[in-house]
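Positions annotated as domain 'Nodulin-like' by TrEMBL: 7-249. Under the heading domain 'NFD4 C-terminal', TrEMBL lists 292-508. Per TrEMBL, transmembrane segment is recorded for 67-93, 105-127, 168-189, 201-222, 234-252, 310-328, 348-366, 378-395, 401-428, 440-459, 482-501.
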Amino acid sequence: MSSTTLQWLSLVGTIWLQAIIGTNTNFPAYSSQLKQLLSISQVQLNNLAFASDAGKLFGWFSGLASVYLPLWLVLLTGSTLGLIGYGVQYLFITKQISSLSYWHVFLLTFLAGNSICWINTVCYVVTIRNFLSDRQVAVGITTSYQGLSAKIYANIVDAVSPHKKARAFLFLNSLLPVIVGLVAAPLVREFDATSPKHTRVGFAVMFVITIFTGMYAVLSSLQFVTSKASSLDIMTGILVSLLLPLLVPLSVKIKELQDNRENLRIYHFTMEENNSEERVENEVKEGEVEEEIGIIEEVGVKLMLRRINFWLYFFVYYFGATVGLVYLNNLGQIAESRGCSNTSSLVSLSSSFGFFGRLMPSLMYYFYRGQCRISRPASLLAVMIPTSGAFFLLLNRTDLALYISTAVIGVCTGAITSIAVSTTTELFGTKHFSVNHNVVVANIPMGSFVFGYSAALVYRNEGHEHYEHGQCMGMECYRNTFIIWGSLCFFGTLLALILHVRTRKFYSQKQ
């Protein structure tokens with residue numbers, strides 16, 4: 001099989017990994033049941049959500065491992081960590097293990113959260129190296145599927161075990177990444193060719209497939225659709241859509257087979273001519289890419305931590321995407337406190353819109369390439385504004401406000417996550433990307449603890465004041481939290497404006 005076909009297959013394998021690696025994003029769908037099964041308080045439940053994010057604090061281990069170990073070994077290491085972290089919890093929930101304390105569960109959740117970093121690192125490294133000249137587009141497409149993780153897991157659980165969600169989610173979280181990891185391991189590796197053939201057409205087809213998948217995910221999350229279609233039908237549809245990206249490498253292979261039917265001598269002569277042309281084109285293209293993408297400076301972690309731009313960027317992410325992720329982690333309890341019973345539909349909706357949020361930046365980059373484009377810091381500024389507004393909209397007690405705010409926060413959080421990959425590269429270079437970016441996303445566990453813990457304290461105080469057993473129902477449970485989160489997002493918007501002003505000269509030179 002040619003290297004071109006294998007490169008496209010590596011992209012498909014990465015898509016499958018990204019689609020199932022967001023095991024922490026389905027936590028809100030079963031958090032209420034887990035709280036009852038473990039007989040823990042809201043604060044303790046929040047600590048478990050924090051533990052999953054805290055695994056990212058040691059994500060830089062996976063960055064170092066990707067430098068010294070084979071990528072397939074890094075991938076399987078991540079899958080194994082997830083198997084242990086979630087698998088032991090499943091055995092405990094099903095009473096096959098009796099002696100497991102709350103802190104054991106906390107450490108297992110931490111381990112499972114760290115497993116995501118290992119698989120994510122492999123996905124980033126393979127995608128960037130195999131599609132160097134189109135890495136922004138390739139990374140955007142693949143990471144967008146991570147936004148579908150919660151939707152995929154929720155659909156499978158609704159179809160297979162709708163009444164024992166906590167057990168079903170933990171079971172899938174432990175086994176599905178291992179199964180997909182074993183399938184994708186032979187595909188997800190680096191190849192020698194600089195740029196695959198038919199790149200522009202291939203990505204155009206990928207965009208069509210990806211947008212179709214996202215639209216299906218959104219529509220199948222809406223209540224008027226879920227009331228008419230069975231859970232099994234919805235699950236089948238989403239799983240089939242994950243197979244559609246195979247059409248691209250399959251088409252490339254068919255085209256190669258057709259070329260092989262030509263006269264052997266003419267074919268060899270043509271190929272020699274084409275190969276020499278391609279080598280020249282690739283050299284020119286690489287030069288254009290380096291000039292087009294550009295970097296402000298090439299620095300390692302120590303120097304990066306001394307840069308003002310890093311701390312501006314770090315806190316923009318902290319007050320933007322991280323606050324959004326904390327909201328999504330607490331979505332189950334927020335919906336329950338407002339009297340919204342259809343939590344799975346809400347989680348699926350946030351997952352689906354997060355999918356489009358991750359896809360949007362690469363879609364804009366693809367269609368406006370070579371034209372005047374908005375800079376990364378300006379893009380961060382643009383998505384921070386509606387995020388802040390969405391939190392204040394949550395002060396409205398209607399279900400419509402809850403659904404709209406959740407969709408907006410999902411889109412904007414996903415967009416920041418996608419934009420951040422390119423922002424880290426452009427601000428601090430490509431040589432130390434795997435370690436640098438893991439340092440940047442270390443803000444997620446920090447924010448998860450600070451914002452999540454404060455929200456849990458407010459929830460507990462309101463619950464003790466009005467109800468028994470710390471169970472809080474009503475708008476009061478999260479009203480003050482939404483005001484604080486919205487204000488912090490607004491402050492993050494001002495930081496994004498400062499970062500934009502500081503880097504404006506660099507990006508204006510790229511236009």
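Just so it is clear, glycine is given a Cβ too, placed from its N, Cα and C backbone atoms.
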In contact by Cβ distance (the transmembrane segment (482-501), the transmembrane segment (310-328); 3 or more pairs under 8 Å): yes
Other parts of the chain folded back onto the transmembrane segment (401-428), taken as Cβ under 8 Å at six or more residues beyond its ends: 124, 136, 139-140, 143-144, 147, 293-299, 304, 307, 309-310, 313, 317, 320-321, 324-325, 327-328, 331, 334-335, 338, 340, 346, 349-362, 376-377, 379-380, 383-384, 386-387, 389-391, 393-394, 436-437, 440-441, 503
Of 201-222, 348-366, 482-501, whichever stretch has the most CB pairs under 8 A to the transmembrane segment (440-459): 482-501
Close approaches to the transmembrane segment (234-252) from elsewhere in its chain (Cβ under 8 angstroms; 6 or more beyond its ends): 2, 4-6, 8-9, 11-12, 15-16, 19, 145, 148, 151-152, 155-156, 158-159, 196-198, 202, 205-206, 209-210, 212-213, 216-217, 220, 225-226
Whether the transmembrane segment (201-222) meets the transmembrane segment (168-189): three or more C-beta pairs under 8 angstroms: no
Close approaches to the transmembrane segment (67-93) from elsewhere in its chain (Cβ under 8 angstroms; 6 or more beyond its ends): 17, 23, 34, 37, 100, 105, 108-119, 121-122, 125-126, 166-167, 170-171, 173-175, 177-178, 181-182, 184-186, 188-190, 434
